[in-house]
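Features of the protein shown, as given by TrEMBL:
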REPEAT    60-94  repeat 'WD'
REPEAT    95-129  repeat 'WD'
REPEAT    137-180  repeat 'WD'
REPEAT    181-222  repeat 'WD'
REPEAT    390-434  repeat 'WD'
REPEAT    435-470  repeat 'WD'
REPEAT    488-521  repeat 'WD'
REPEAT    530-571  repeat 'WD'
REPEAT    572-613  repeat 'WD'
REPEAT    614-645  repeat 'WD'
DOMAIN    668-801  domain 'U3 small nucleolar RNA-associated protein 13 C-terminal'
REGION    830-858  region 'Disordered'
Amino acid sequence: MSTQQFKKSYRCSPSLQQFYSGGPFAVASNGSFIACSCGDSIKIVESTNAAVRATIDGAVTALVLSPDDKLLFCADHSRQIRVWDLNSMKCVRSWKGHEGPVMAMACHASGGLLATGGADRKVLVWDVDGGFCTHYFKGHKAVVTSIMFHPDADRTHLYSGSDDASIRVWDLLSKRCISTLDKHFSAITSLAVSEDGWTLLSAGRDKVVNLWDLKDYACKMTIPTYEVLEALCVVHSDSQFGSIMTSNNQLNKKSKPGTSTFYFITVGERGIVRIWDSGSAVCVYKQKASDVSVNSDVNESKRGFTAVVMLPLDQGLLCLTADQQFLFYSSFVNHKGKFKLILNKRLVGYTEEILDMKFLGEEEKFLAIATNLEHVQVYDLESMSCSYLLIGHTEIVLCLDTCVSTSGRKLIVSGSKDNCVRLWDSESRKCIGVGTGHMGGVGSVSFSKKSRNFFVSGSSDRTIKVWNLDEISYDFDQPFNLRAKAVVAAHDKDINSLAVAPNDSLVVSGSQDRTACVWRLPDLVSVVVLRGHKRGIWSVEFSPIDQCVITASGDKTMKIWSIADGSCLKTFEGHTSSVLKASFLTRGTQVVSCGADGLVKLWTVKTNECIATYDQHEDKVWALAIGKKTEMFATGGGDAVVNLWYDSTALCKEEAFRKEEEKVLRGQELENAVLDADYVKAVQLAFELRRPHKLFELFAECCRKKDMDKQIAKALHALGKEELHVFFEYIREWNTKPKLCHVAQYLLFQIFKNFPPAEILEIRGIQELLEGLIPYSQRHFSRIDRLVRSTFLVDYTLNGMSVMEPKFPAAEHQQRAIIKDADVMTLADNDDEEQQTSDLLRSKKRKSNKSKEGSKKVKNMACTSVDYISSLA
């Protein structure tokens, strides 16, 4: 049997995060990405998997993309209009023009003009390159809510709709309003132009669509829709939608013969997509049921659509819901020849706080998530799109669990604040069972692990119930009423967590009363009570291999307990706040935990050691799901972000081996460069390998050779700012040691010689580095000064003792001989005076004379020494 390898590192892939919180959005011309308003920023999101490509700061009221998708125009709450280059993600220009917030934007087909409509009832046209106003239109009596250029670049017309229920047509050449279209009785919400360019469509909240003839600006037709409309779009004839609708309509013979018709799509408050024929003014297609989620209101009113866009390149239809969900539809024709819309993908732009989640299915390709909503969301991990919703609860879902039944059915059980549990079949996406009886919100549910024919639930009413699944039928249209096999009053406070043993013989419960209890199934007989935590217990789980239980508590600790006697075997400390979830990994030899501090920690059970800590969440981490096969795990919490964690132990080991191998090869390359005396390359390699000792040896070798200044300067100029920062750190360390300071000072001299001060000041942290260099440099200069002075004294002493006879030029020999004769004569006179003077007449006067004569001699000697030093110099 092979030994189990410990997990040492995990890599995070942020797969689900908030990217749209409502407001303006724009789709790229090729449909590859979507620019969305999200809080105080703009998110550039991939349309395939909702991955955030880039983020632009600023809360915006309107935005639009240029036709080539290279520029993004947006207006924020400060009325500032900004132009962003999406390649460099930089603001290339900005200006102000409106006296109120900008509510609508449109870009000309040429990309050179930008039209804006605002709450100040004005319509302005701007030159994109210059940033100046080219047209100033005034006439609306309310907020301008929609605006568009004619899609034909040769037609110089601009259309604007307002809350005053009017549409105005502006001529860019004459700079005036050429027509006012008054036929609506409520705010204009959307405008569109037909494919031939001669029909204008307008939708409003008065539940009608008006078709206008752009030749004489007369209303050709008014189509009642019987719902408040929020958006409309025209179906192009060359698209897949258009061709299918044309062939389908010809078969049904709904259009009038001899009339040129086109199709358009409307969406509104009912959340249903409708396709209309302009020729017959009838709805040729209507969805049978809405794909929009349901509110928790009493009347269960549906949240409708707020926008609709025909995607280019036959990518289908994009509809935006009021609860920030992007629904992608594709066309489908069944065997009977009937047209139908198929929901392919659902990207959730704004996810509520994540409370619980579990992997679904044997292959674990799906993830069921419970949020602060009344439905369960099931995500496809490959595209991170919401595959479907499980709708049935009337309050928010607090917990869930998943399993694969013995018959192969993928089951989901959920508990909610509505005091009931629901059993779902993922294949039919229907509720097949409802369990009622709890008197409080259901906070925890858990399937059986072995037989998979029952599940347990724990509630805030402090009771545990065991629900039987033997009588479940998958063929009934109505959900089955589940029956509780056993009930027990388990704790004194709310039950937060439940877990069933791997052999289905026991169940453990954790409660806010700071205890965990182990119960024997199926009758829920108490086995042992686990006491020791100082705060409420948030999570419990059985070990997959040992007779023990792990608990996570609000006292910032985790404990492993023995089931036999209820003793605490191990305690894990390390979290700085409440530990909310803990689960076993690697066959029970490791533990992964997450807490209110936003941290995810990986532990080794044997040594109680935390071997890795990950900080990828900005709020409490409530949910933790472990993959049974791959041991991949997912975390989610209050920041509405789901992170997927993949085991990267083998990958990190392989990368470390590659780095070591590359390091050896680079080291050999460094040695070859030294042997070839290529010091520039050697210095660069030493920097890359971060070998300060080798770097010092290279520079010391350069200092010993002549004419190396150019090579040193070349090597220094090859360094970047970060490398210069590291180089200054090396020099600071070398400068503190007397044996190395000479090379350090020489390198400092070369740096200040080859780099201008302005460039040196741009180095990060240069002030701190120079402050560390100055004191030691002052000491070195003081020591050198003392050394120079001492060398002068030695020369003077040796000259005075006639030990060292310096070599002088021929011109100086005569002067030196005269000075020497004068010194000899002075000494002879002193000897004569000493012989003529008696011992009894040594008075102060003669002593003073002798001292003066001695000083003359010393002075002469000093002059000689100075002359000698100057000659040496």
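Each residue, glycine too, has its Cβ placed from N, Cα and C.
Just so you know, TrEMBL annotations never went through curation; they're auto-generated.
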*Which listed range (95-129, 181-222, 390-434, 488-521, 614-645) shows the maximal number of Cβ pairs under 8 Å with respect to the repeat 'WD' (530-571)?*
488-521
*Using DSSP, break the repeat 'WD' (614-645) down into helix, strand and coil residues and give each count.*
0 helix, 16 strand, 16 coil
*Please indicate, using numbers and ranges, the residues of the same chain that are 6 or more beyond the repeat 'WD' (181-222) and have a C-beta under 8 Å from a C-beta there.*
142, 145-148, 150-152, 155, 157, 159, 161-163, 165-169, 228-234, 236-237, 260, 262, 264, 266, 276, 278, 281
*Who are the chain neighbours of the repeat 'WD' (614-645) in space, where the CB to CB distance is under 8 Å and they lie at least 6 residues beyond its ends?*
7, 10-18, 350-359, 362-364, 367, 369-371, 379, 381, 580-586, 592-596, 598-602
*Give the one range among 137-180, 435-470, 572-613 whose Cβ atoms make the most pairs under 8 Å with those of the repeat 'WD' (488-521).*
435-470
_DSSP helix/strand/coil residue counts for the repeat 'WD' (95-129)_ = 0 helix, 20 strand, 15 coil
*Short question: which residues 6 or more past the ends of the repeat 'WD' (390-434) have a Cβ under 8 Å from it?*
293-294, 296, 355-362, 366, 368, 370-378, 440-448, 451-453, 455, 457, 459, 467, 469, 472-474, 476, 479-482
*Beyond the flanks of the repeat 'WD' (137-180) by at least 6 residues, Cβ under 8 Å*: 103-110, 113, 115-119, 121-125, 186-193, 197, 200, 202, 204, 206, 212, 214, 217
